[in-house]
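Participant: First the structure, which I've put down as structure tokens, then a few questions once you've had a look.
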């Protein structure tokens, strides 16, 4: 599309103007629609999406050029018309609902128009007028005379299907008979399907570790005097309430039950507030040369520390109960584990505060974490509080999201390890981490300030807040002598103020409801050879280098020179597998896929893994969970098979950087191997943020289906080495026009130019389907065909009708997913000015026009009314286009044969070489035309009414069918909360009458608005996505929170209704 620097904000020599929000502007917007847009709107909706996108870009360029040449009137006209294209014409166009790479261009164009800050008033005015237009269109049937409904999608009643579900397979040939007899259910049955609601969440639903007491005992946690051990339980979040403190209490520990018995209500906590999960270290950060730091006898001890760290937490209300007490706060050593720049501008106020830079925990020379506490003590030797840390009753450390996103290793665990294993300064208490970190502390203080009227500045140091600046100015006025010169005054005002003295006000007893818990039962000692623990199942062979923790030095008395690194690695692998060799390991699969399905822990065997929400990343987490459940897609990246399809280095030296595919593979491997844990997708998010900084990860909420399109588009570009893809997926290059019931010549022309010409990839084999759009003139029988591909099928939700209940009350009927598909594929009869301007018999056609001449007719809008340069589709203009992922800019040129812009770059290099439409419209006399007239019989049809039938058919459907329900209106501020009933088994009929049968395995739900809403997902984690009762395994994923959901359908309940369902994932199955 456009270059990155286009836009008035990036052109210092362009002086933008800002139209006022006025009645005059409103009249200008309305006049342009009624005098110009309205006349062309019906015809423009029938144009190819790619042509509309190119013309919208042209209008934006015309707007910039008019501003540059000081023509504000022309600039305003071009911008208003461009807005109508972006927010009205394109979303209502014929090909918009089939989402392919062209959709990514549309989203970027939309952002360019919205990012013109000086034209914000114009955008608001246009959106308001579009709302009026669409409301009128709904009242008058959108110009559609009537619909011819075709039952292209259906599901069968439960009684007919329950006996067939078990026979479904993923391996046999597709059935040919769709058998419509008895397949449509009654409305009463649809209304009786259960309405799904999110399950109630409990404390243990937040994943910590995949450890079951009966499977993995923990001898390292036994107290010396005890004869029996208490199994380690996953730690839980504590109640988000302040703690009680009574002045006559002498001990906190005497009032507390054991820490492991404290429970909490997860529903009152927030998914974003927890840092308490598994931190993964990218294997790329650890050199294989440092593998000799591992010791096979130390694995059990490291896992013990890992468990203890996850249990050693303190909530923000509990820390507040300590810091608000004049006696207990002196017993706390608070460690700010953040980069110094962050600590300098804000931190928790405490009498004994130490800032430890996480970068100090990494040895840059050896590229490993430091493993001796005396190294850290030497670096912090001037800090008396840290040196005397063993004299404190409480040691609490905290971090924040920005530091976590900056540091690439698990600094929290390294710090915990150094503190707990220190021989020089043994601690009397276990260090605890502040649950939720700085962000949770800040949120808690704001809550208390509103409820209890505490002063935030007494507990939070923020020198640049408004209140702090006022206090600073008052202190300077009181302390500054009159004789001080102005230079000194200016210098002192620029310094960062010192933290306030510790004098918090006394708080009412009602604010302190519970004292903090004592440390966990006991602290493991550091033996020479610690007791062994059964390890988590590790990756076989090549993938075994992925480690959950940085290397920790060995303490076994073995000389390093006696063993080389290969021997140590071999011993380590033998030790890791000795407990599971006969139970778990199977013959090695192709591409070294690790095998864990036989684990007795269901969370491990099914790889049920939570994902950390680092701010507003729930839209990414929910989509990743569904993609991870798509077996074909998951295997491609877990097996590393994807590497054989990466783009080779180019002759000119430039090449694709396969960052996204590599980071997705690493993320999938972590999720696969760490069932029962919550994984932090830091590396993956960093790559996405690098490729698409406009998404503003992790701060802004985005549309999850737009993220899916970005992900699939990029993966397609990276995995498009044509030679290897063609060898492994020859089906992508082959087709049988007769079997597909398509016109051989027209389809072949489109297929060669757009499918093969644009490049193929494994993503196409999994997600790509094909559509046929046709326009048939009922007056002369002339028909034009247009083909396109899609990754996501975006469906509008039909308007709900009212029905009377048995009690005589009117209720809104639910909408079936099959109805959404059938409305999408139904034939539309267009008449009057909404009819297609047939090039043979339409208003602009010449009676003497021959059929041969018509076949070369360019696809542009024509009308009796004279058009200005704003409305002619500029698809042949030579110009530059934006490479969305930094691959460079290319020039387009015209083909000699048609009016469509052709690009010489490879498929993955050009955003305009999309799966949009054919290079030219194919035309023929339709075989089912009733008239069958040609130009020689023009007198026979000249007196007939001009009527057009618009038809959409599925030519092919993908292995994984992704359906997006379009719940948000054009301006994304309103949401359609209609209850949609969706089936577990879905049948869709192709154009050739073959029936494709699909099985539901994933759902993305959305609650709230697009800006302030929340995404969750439902996934059938059964390895074969079985829907039989007792075998289906539906799990509800809310970031790190995971819960089994037994209400989400089975072979006895094949339909589910929900007002939150947003994206559905279906997998093709065969009888």
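Each residue, glycine too, has its Cβ placed from N, Cα and C.
According to Swiss-Prot, the record shows the following:
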type	residues	note
ACT_SITE	618	active site, nucleophile
ACT_SITE	1014	active site, proton acceptor
COMPBIAS	471-480	compositional bias 'Low complexity'
COMPBIAS	481-495	compositional bias 'Polar residues'
COMPBIAS	497-507	compositional bias 'Pro residues'
COMPBIAS	516-532	compositional bias 'Pro residues'
COMPBIAS	920-932	compositional bias 'Polar residues'
DOMAIN	609-1069	domain 'USP'
REGION	467-532	region 'Disordered'
REGION	913-942	region 'Disordered'
Participant: Hey, how far is the residue listed as 'active site, proton acceptor' from residue 618 (active site, nucleophile), Cα to Cα, in Å?
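Facilitator: Cα of the residue listed as 'active site, proton acceptor' to Cα of residue 618 (active site, nucleophile) measures 7 Å after rounding.
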Participant: So, three-state DSSP: helix, strand or coil for residue 618 (active site, nucleophile)?
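Facilitator: Its secondary structure by DSSP: helix.
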Participant: Look up the residue listed as 'active site, proton acceptor' in the DSSP assignment and reduce it to helix, strand or coil.
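Facilitator: Note: the residue listed as 'active site, proton acceptor' is in a strand by DSSP.
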Participant: Name the residue among the active-site residues 618, 1014 whose Cβ has the smallest number of other Cβ atoms within 10 Å.
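Facilitator: Each of the active-site residues 618, 1014 was scored by Cβ atoms within 10 Å; lowest is 1014.
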Participant: If you average pLDDT over the domain 'USP' (609-1069), what do you get?
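Facilitator: Mean pLDDT, the domain 'USP' (609-1069): 77.
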